Amino acid sequence: MKIMIACGLVAAALFTLTSGQSLAADAPFEGRKKCSSCHKAQAQSWKDTAHAKAMESLKPNVKKEAKQKAKLDPAKDYTQDKDCVGCHVDGFGQKGGYTIESPKPMLTGVGCESCHGPGRNFRGDHRKSGQAFEKSGKKTPRKDLAKKGQDFHFEERCSACHLNYEGSPWKGAKAPYTPFTPEVDAKYTFKFDEMVKEVKAMHEHYKLEGVFEGEPKFKFHDEFQASAKPAKKGK
């Protein structure tokens with residue numbers, strides 16, 4: 001997938017979104033180490049994605065042609081640019097999120113919390129739900145996690161980076177805008193329903209055990225589960 005690595009993020013736009021939005025906006029980020037302690041297989045496959053390597057493109061003399069097309073300076077270190085960093089890390093400008101002054105490896109790259117929401121408020125309940133299912137088969141309503149800020153839909157979070165340009169069809173777009181637009185290069189055209197299925201962008205999908213039930217459920221949940229790999233429990 002020709003991922004658009006976007007400069008010009010208004011970082012707050014990422015986290016005032018969808019169900020559980022007010023709680024998610026206030027929740028601290030924790031970093032993907034917490035998520036990957038259980039979701040090891042997903043975390044391992046994520047490491048090979050463009051999202052995992054998002055910060056690399058901000059380094060000097062990397063993606064030189066793309067930067068020149070967008071009228072950026074290829075020799076500049078954009079890892080220090082507050083208008084760029086937010087679309088290449090988790091939680092920039094948010095509680096517990098990535099900072100330029102003290103960058104944390106577990107928040108570097110577009111990881112778990114950029115899509116699923118900042119985890120502090122829901123992670124404990126998420127883990128307890130898994131434990132309850134293993135013990136007694138008890139299922140947990142997804143709405144309980146959504147109320148705590150877990151995002152089951154993702155589209156707005158993706159749009160906040162991939163569609164944040166002048167003239168964007170996304171209504172949330174606002175300055176500072178990304179310079180990487182479809183007008184600069186057609187590869188920056190972003191259609192969520194297509195891109196979310198791009199295997200080079202996302203971690204592998206594995207069979208879920210059925211811990212959660214009900215709405216809100218991601219619109220491609222059943223489709224992804226139909227072709228998901230066998231679960232790698234405890235790996």
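Including glycine, each Cβ sits where the backbone N, Cα and C put it.
Look at Swiss-Prot and you will find 1-24 tagged as signal peptide.
The heme 1 binding site annotation in Swiss-Prot covers C35, C38, H39, H126. Taken residue by residue with DSSP, H39 (heme 1 binding site) is part of neither helix nor strand, so it is coil.
Around the Cβ of H88 (heme 2 binding site), 26 further Cβ atoms fall within 10 Å across all displayed protein chains. Annotation source Swiss-Prot lists heme 2 binding site at C84, C87, H88.
A helical conformation is recorded for C112 (heme 3 binding site) in the three-state DSSP classification. Sequence-distant neighbours of C112 (heme 3 binding site) (same chain, 6+ apart, CB under 8 A from its CB) are R32, C35, S36, H39, A43, W46, D90, G119. The heme 3 binding site feature in Swiss-Prot is assigned to C112, C115, H116, H203.
Residues or ranges marked as region 'Disordered' in Swiss-Prot: 121-144. Listed by sequence, the residues of this chain that lie at least six past the ends of the region 'Disordered' (121-144) yet keep a Cβ under 8 A from its Cβ atoms are 20, 23-24, 26-27, 30, 34-35, 38, 150, 152, 209-217.
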Rounded to a whole number, how many Å is the Cα of H88 (heme 2 binding site) away from the Cα of C38 (heme 1 binding site)?
24
So, three-state DSSP: helix, strand or coil for H88 (heme 2 binding site)?
coil
Please list, in sequence order, the residues in the chain of C38 (heme 1 binding site) that are at least six apart in sequence and whose C-beta is under 8 Å away from its C-beta.
R127, G130
Cα-Cα, whole number of Å: H203 (heme 3 binding site) versus C87 (heme 2 binding site)?
18
